[in-house]
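S.K.: Feature table excerpt (TrEMBL):
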- C:Arg48, C:Arg54: NADP(+) binding site (BINDING)
- C:Arg125, C:Ser126, C:Ser127, C:Asn238, C:Ala239, C:Gly278, C:Lys293, C:Pro294, C:Thr295, C:Ser296, C:Ser297, C:Arg319: FMN binding site (BINDING)
Number of protein chains: 4
Amino acid sequence: MSGNTFGKLFTVTTFGESHGAALGCVIDGCPPGLELCEEDMQYDLDRRKPGTSRYTTQRREADEVRILSGVFEGRTTGTPIGLLIENIDQRSKDYSKIATQFRPAHADYTYHHKFGERDYRGGGRSSARETAMRVAAGAVARKFLLHRLGITVRGYLSQLGPIKAETLDWEQVHQNPFFCPDSSKVPEMEAYMKALVKEGNSIGARINVVAEGVPPGLGEPVFDRLDADLAHALMSINAVKGVEIGAGFGCIDQKGTQHRDEMTPEGFLSNQAGGILGGISSGQPILASIALKPTSSLRLPGRSIDVDGNPVEIITTGRHDPCVGIRATPIAEAMMAIVLMDHYLRHRGQNADVRVTTPVLPQL
Amino acid sequence: MSGNTFGKLFTVTTFGESHGAALGCVIDGCPPGLELCEEDMQYDLDRRKPGTSRYTTQRREADEVRILSGVFEGRTTGTPIGLLIENIDQRSKDYSKIATQFRPAHADYTYHHKFGERDYRGGGRSSARETAMRVAAGAVARKFLLHRLGITVRGYLSQLGPIKAETLDWEQVHQNPFFCPDSSKVPEMEAYMKALVKEGNSIGARINVVAEGVPPGLGEPVFDRLDADLAHALMSINAVKGVEIGAGFGCIDQKGTQHRDEMTPEGFLSNQAGGILGGISSGQPILASIALKPTSSLRLPGRSIDVDGNPVEIITTGRHDPCVGIRATPIAEAMMAIVLMDHYLRHRGQNADVRVTTPVLPQL
Amino acid sequence: MSGNTFGKLFTVTTFGESHGAALGCVIDGCPPGLELCEEDMQYDLDRRKPGTSRYTTQRREADEVRILSGVFEGRTTGTPIGLLIENIDQRSKDYSKIATQFRPAHADYTYHHKFGERDYRGGGRSSARETAMRVAAGAVARKFLLHRLGITVRGYLSQLGPIKAETLDWEQVHQNPFFCPDSSKVPEMEAYMKALVKEGNSIGARINVVAEGVPPGLGEPVFDRLDADLAHALMSINAVKGVEIGAGFGCIDQKGTQHRDEMTPEGFLSNQAGGILGGISSGQPILASIALKPTSSLRLPGRSIDVDGNPVEIITTGRHDPCVGIRATPIAEAMMAIVLMDHYLRHRGQNADVRVTTPVLPQL
Amino acid sequence: MSGNTFGKLFTVTTFGESHGAALGCVIDGCPPGLELCEEDMQYDLDRRKPGTSRYTTQRREADEVRILSGVFEGRTTGTPIGLLIENIDQRSKDYSKIATQFRPAHADYTYHHKFGERDYRGGGRSSARETAMRVAAGAVARKFLLHRLGITVRGYLSQLGPIKAETLDWEQVHQNPFFCPDSSKVPEMEAYMKALVKEGNSIGARINVVAEGVPPGLGEPVFDRLDADLAHALMSINAVKGVEIGAGFGCIDQKGTQHRDEMTPEGFLSNQAGGILGGISSGQPILASIALKPTSSLRLPGRSIDVDGNPVEIITTGRHDPCVGIRATPIAEAMMAIVLMDHYLRHRGQNADVRVTTPVLPQL
């Protein structure tokens, strides 16, 4: 099936190029009866939006989403939900050079070899601008998860280049432009970013996402394990190079006695597993962490080739995020919400009848 | 679609429980005309097989695979390839206790809550024994990739608990029971494992997988990027808690100038990207790395609950791998091969007509 | 996967309600490099458009399609093609009554029971208006099939109620408002329709669709046979109650000697099979025929119930087609084209390497 | 996805050639907790089995199915159910000639052109023998539908060549080798078949299938309408050339007043729709009818070509059904059951929460 569709029962299909006419999305399989309006999506879209701080690209987009279908009198009808964001601030002229040159570490070279044709303006389909639609679709999933099941999905930036957040205060996450949960690190991050922008360079980041209130039972082994689908979803976000669940790479030098999360009637005693055992949610918080690479759109010149194979030197001017990780938090939340939503529907499709007398362990 | 099927054009569906009658697999979409016989799969199956060294479970299975369909006169016919391995060494008695108790960090508790019913013998469907079929299917993909496209897929253990391989000598990988490419570390690993077995504990590991000879163009953005599908495939392997592509989590504190792989007519100057740009293969080697948790089947007692929610103490006797990562190399290779195979077919389905005059960069 | 998506490699996803903001479509998997513009779709859309003759609904819609993505400088790029038609002539007031009553033989009752919620205006999602997007998507498939493979897909009305076309003159099909290939029957059809409209009643019809130039080899047994996918596609069109391939129901009292299409080096001697053997195209013309029921929107009163289960009498006023079959020809062509396109891509995904020395039989 | 898989949540994947080692099937997505054993499938398999009357092929197969996985202590576990039937009576020698010749109206020519390779023994994968596995999978669906939802799925032969059943007495269906519900026609059918066998010819048939007790709400418009998926499923059965729902082709010359099924609080007043409105079940019986072509394996010589394109004369000796329609009743029932099962799970995946106060109309 389509590489631009994610999910099996709750499916999200996106379309649109960075500098094309519009971005769009079709959500199919959404349960009917959910109250939904544009504002539900706009909040998350605004969190992802460029131009909101000096540390993100200065491209200005209203990113106003329109619901075209699937909602009637304020509630979803169960038919496909069509969403549209018209592109406004396109400024194609900034990008004219890249028609014949491949920017290093961008998708230019690979799209060229795959398709022959490519819309080179602003990265076309490979631009992170596409993720606006994931955020919009994720907002629908998040609303259902929260209102019907009490599930929350929240993320934060846990590391910006060399600077790590050391405390997790959810209140702080939206008090600074970095989605950083440790306010004591914000000044350091600000200074770091200022120097970086001046240098013309970019930096990587780490984002953590947490879902709380997820019931045990979600996940479809052996291939569509919940962790495998989360890895798929999160790795499909632009610039992501790594995905961890729970202890992640930390488990390599853990011993079994350290990693196994013991259970008592009062709950699990730890959460090394990140809330997933055997590919199925355990009722503990789902913990995922991702690594985002530094963007490759730099003012510092880099070596590359053109479409004829000749060497060229490339300098990327224009408006770019020095740290794409900063705006990635709402995107990662959206993808996790979409995965959980899809798995909730898949699970009840097969297992709606199942009644278990064993108590669900409380979250500690 | 089915959670037990992987792939879209080259599809692999597995079935079977650890102590059921048999393990099976259906491969659909394999191109016709490929020479194929049981021996092609047996080599990889034997590499994965339990009981081959003192560091793996002593369960003894012949793991002899039978081709039931889809091959005629030694060549694939394009119809589904049915594979079967009968289970022989079942010893159900070893597992009788777990019918009513949930082993910590196993899938017992989550399968119970998902399905109500579960085949508790040897972990049933959640056992790593299921991966035998992935290895068999992967062998078909690997043969096609190698014979038709010259692509190789190889893996190795790069870290066993605290011990890291520091050199990569492919010749060494099959000279020791750990798939370790650095022979100087083998004695240390042997000593470590001996102590671990004595202690009754287990340890995590890291496996790297590399595909060479992959042409540029494979991958289906925006959701079925090659890296996203690899993350899905690799995270779906039992015990995997993290997946990296290229620089992986190392990119967090890289600067853009450090991460971007510059290009010259002679080739890419580095491979931080791990051979994938914008979700599409670049022609460089595909580099993936995974973290495997320490198994939770330990002789050391652990706290847990039973099906009625009462606290119990669990000791896992029986035959278990003290480091499941050791046998994971052929499994990880198989999953990468399946992903590449599927994407090769998907790519030529859409893009078989594309002709590009730009030269493909040589691998450095 | 989504019930609003058709196809596996060439996928068509539609959204939109009859009286919502817009109708939309996402085509994914289209090969890159195909010249495409709005006009390519507009021709077929205009053939399907309401209000073009006195025998179809008088609702007036410009049905102007906009390409939102996936096309750059006049050629497809291989990324998803987003299409949009804004709804203009909505006149919601005409439909206010059906909010609480179920029109007999419409989808009102079944949508109500499935979803609880429904957009009752003009039939909402169940309106045949949705098929405009199938026609637009079909035009893309038809262009590729024609320009790249020389395949034509054409349809005609072969029966209008009791009146059967007795000759097939392709030139005539577009010379009359019925898509009738037998001009001698047109006056009779006109008279019949006039009387029908006066009576306030409706009538069924039969449409035949023919694809010529299809190479042998398309179709994916055993479930996705070409005929099975055609049956799926054609039966998914509003009002269709039957699908035949080749001899269709006529084969019931045929003998084997009569039905089997003998082969000679000069070609097949007959085409009872309708161009499909064992679920795979044979190189003969693909022949399909469908039955369309009479619309149930009648001025003549009918018995029904309301949402509380009380009996009501329903009279449908407003603008309706007295024979929905009349406008169905372009829709049936579109669905056949989409199926052929999808199967062409699927076939070459798996079998692009196959070389056969046996000659392809010429079409007689 | 795989052309050998049917269904989206309840998926059925079959493999195996007529004269290969075995036939197999994987059912995924079956709800857990269903009592299931081999006998549940054997009853239906025996009804389909060859060699049970003088009017069917004399090939003798025990068709004994083994459950390999997915069932534990007599109940399904929710994991994939692997099924296997070993082939016994293979007699490959009967079929040696067809290696280089294409039997008219068989799949030989089309498989050859699609795949290059083919297992020519007994038709290989294109043999109707494959349908044994559909019957086995269908039995699982039927058991769930009956035991959990009270849905019955039953079929009968309504026409054998020129002879039509005129009454429908379900009791009679299993009292004769034709699945004919009108006992008064059985002697005529017997005489007809005797003459046909003597002549060396074959004949077509019509099968009707009826599902009762189906709740309103099943079906996923716009493409996966219940009728569209039924058409797909039924047309995928070997030899089927036409599918009708409800009035089928009879609707062509019906008027709207005749076709629309009026509703009263006591129920629908007719069932022209065949239990499906707008692609969704209405709560009325689901009515489908299919046409099966006469088999092309005849003792009477036919013209054809060989793999080099030379003309040949073909006589098919060996064991063949003179009317493949006779054994098709259990197959058609199985495919309808699989479709209903899949749609039931899909429906509750999306709509399990929907509560409607409008009464469901009783079946009249």
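In case you wondered, yes, glycine gets a Cβ from its N, Cα and C as well.
Bear in mind that TrEMBL entries carry predicted annotations, made automatically and left uncurated.
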S.K.: Of all the binding-site residues given, C:Arg48, C:Arg54, C:Arg125, C:Lys293, which has the fewest Cβ neighbours within 10 Å once its own Cβ is left out?
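M.R.: Looking at the binding-site residues C:Arg48, C:Arg54, C:Arg125, C:Lys293, the Cβ with the fewest others within 10 Å is that of C:Arg54.
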S.K.: Taking the Cβ of C:Ala239 (FMN binding site) as the centre, count every other Cβ atom within 10 Å, in any protein chain shown.
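M.R.: Here the count is 24.
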S.K.: If we take C:Arg48, C:Arg54, C:Arg125, C:Ser127 as the binding-site residues, which have a Cβ under 8 Å from chain D?
M.R.: C:Arg125
S.K.: About how far apart, in whole Å, are the alpha carbons (Cα) of C:Arg54 (NADP(+) binding site) and C:Ser127 (FMN binding site)?
M.R.: 20
S.K.: Quick one: give me the count of other CB atoms within 10 A of the CB of C:Thr295 (FMN binding site).
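M.R.: Total other Cβ atoms inside 10 Å, all chains included: 26.
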S.K.: Could you give the Cα-Cα distance between C:Lys293 (FMN binding site) and C:Arg48 (NADP(+) binding site), in whole Å?
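M.R.: C:Arg48 (NADP(+) binding site) has its Cα 18 Å from the Cα of C:Lys293 (FMN binding site).
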S.K.: Take the binding-site residues C:Arg48, C:Arg54, C:Arg125, C:Ala239, C:Lys293 and keep those with a Cβ under 8 Å from any chain A Cβ; what remains?
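M.R.: Going by the Cβ criterion (under 8 Å to chain A), the qualifying binding-site residues are C:Arg125.
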S.K.: Nearest to C:Arg48 (NADP(+) binding site) by Cα distance: which of the binding-site residues C:Ser127, C:Thr295, C:Ser297 is it?
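M.R.: Closest by Cα distance to C:Arg48 (NADP(+) binding site) among the binding-site residues C:Ser127, C:Thr295, C:Ser297: C:Ser127.
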S.K.: For C:Ser297 (FMN binding site), what is the tally of other C-beta atoms lying within 10 angstroms of its C-beta?
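M.R.: Around the Cβ of C:Ser297 (FMN binding site), 24 other Cβ atoms lie within 10 Å.
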S.K.: For C:Ser127 (FMN binding site), which residues in the same chain are close in space, meaning a Cβ under 8 Å from its Cβ, but six or more apart along the sequence?
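M.R.: Long-range Cβ contacts: C:Glu17, C:Ser18, C:Asn238.
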